[in-house]
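Undergrad: I am attaching a structure below and will ask some questions about it afterwards.
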Amino acid sequence: FHPRTESEWENSFALKMFLFQFVNLNSSTFYIAFFLGRFAGRPGKYNKLFNRWRLEECHPSGCLIDLCLQMGVIMFFKQIWNNFMELGYPLLQNWWSRRKIKKGGGGGQNVENKTQLPQWEKDWNLQPMNAHGLVDEYLEMVLQFGFTTIFVAAFPLAPLLALLNNIIEIRLDAYKFVTQWRRPMPARATDIGIWHGILEGIGVLAVITNAFVIAITSDYIPRFVYAFKYGPCMDKGHHHQNECLRGYMNSSLSVFDMGDLKNGSQSRYCRYRDYRAPPWSPVPYEFTLQFWHVLAARLAFIIVFEHLVFGIKSFIAYLIPDMPKDLCDRMRREKYLMQEMMYEAELEHLQKERKKNGRRYHHEWP
């Protein structure tokens, strides 16, 4: 694929850079949210890598805590590091350039002091803007938008940290553009290009991902199923959260017989998080009916949540159009006036031609 125009090349380059950075930065969070501990197996039958190493499991409190900690580290420390590098790198480059200028000149004589140089020469000694223009700035904001929205259900403080970071970064960018970079060449653009489509895609992915986080990663659906199907409130008309969840922890733990390990262990029992039949059942360690109820509730929640959010999004987009109605009317009026002017100019031209040739003419379109 060879882009034909410069705008097509920029869109292709921006899309490739975004996909690379997005996969590189979000692979760990997707792994923790949807894969960590899902294929580890059960006591007595753990899945092992190369028949040697056990697969990693989540914290006993659930994978949502691990995901929350991962998002907190990314949103706090990574943004601090990005701001430091974004401002520190031009500062270091300009300091090195000034140092070389002061050491320049022949015969051991230094050049004039920086304060005595004309302003245009001071500006020329600053660092040039990168070759890709604002692609890096757009990429940083789009990746931050992805971190803020995709896993917001696991880390609700992400929008607040993003807001604080953007308030600080506005001033850092202003300082960088004014004092550390040369004045960039202005370029006209009709819109933000392919970034609009990327933001739309992130919005759709965020809805789907948050639905899966709430349904699969968190304990919301298992608690809901227990409260209405297996808890003490299943036959009652009223539902109180603390009362209906009494016994939930015991219900979410399965029983394993240590004597099944065949390593000389005594026959004693331990508990682990899963919905499996006890060892004394006719079919030991098989999934129970509660497991299938929870799975069906999770799938139903994902479908309902996605359709509800997308429906609300479409309704809001219909209420708030991309272009205001008065602006549309003004554009249509401008187009009509332009056509009217073209009509009048063409009619006047034809009338002059007919008058020159001595023909009759009328005041309507010929």
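The backbone N, Cα and C atoms fix where each Cβ goes, glycine too.
Remember, TrEMBL labels are computer predictions, not curated facts.
From a predicted model like this one, the values you see are computed outputs, not experimental measurements.
In case it's useful when we look at the structure, here is the feature table from TrEMBL:
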DOMAIN    3-334  domain 'Anoctamin transmembrane'
TRANSMEM  18-41  transmembrane segment
TRANSMEM  62-81  transmembrane segment
TRANSMEM  142-164  transmembrane segment
TRANSMEM  192-216  transmembrane segment
TRANSMEM  295-320  transmembrane segment
Undergrad: At a C-beta cut-off of under 8 Å, are there same-chain residues at least 6 beyond the transmembrane segment (192-216) that contact it? List them, or none.
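TA: Contacts with the transmembrane segment (192-216): 7, 10-11, 14-15, 18, 33-34, 64, 67, 138, 142, 145-146, 149-154, 298-299, 301-302, 305-306, 309-310, 313.
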Undergrad: Could you pull out which residues elsewhere in the chain have a CB under 8 Å from any CB of the transmembrane segment (62-81), counting only those six or more residues past its ends?
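TA: Sequence-distant neighbours of the transmembrane segment (62-81): 25, 28-29, 32-33, 36-37, 144, 147-148, 151, 154-155, 157-158, 161-162, 165, 213, 217-219.
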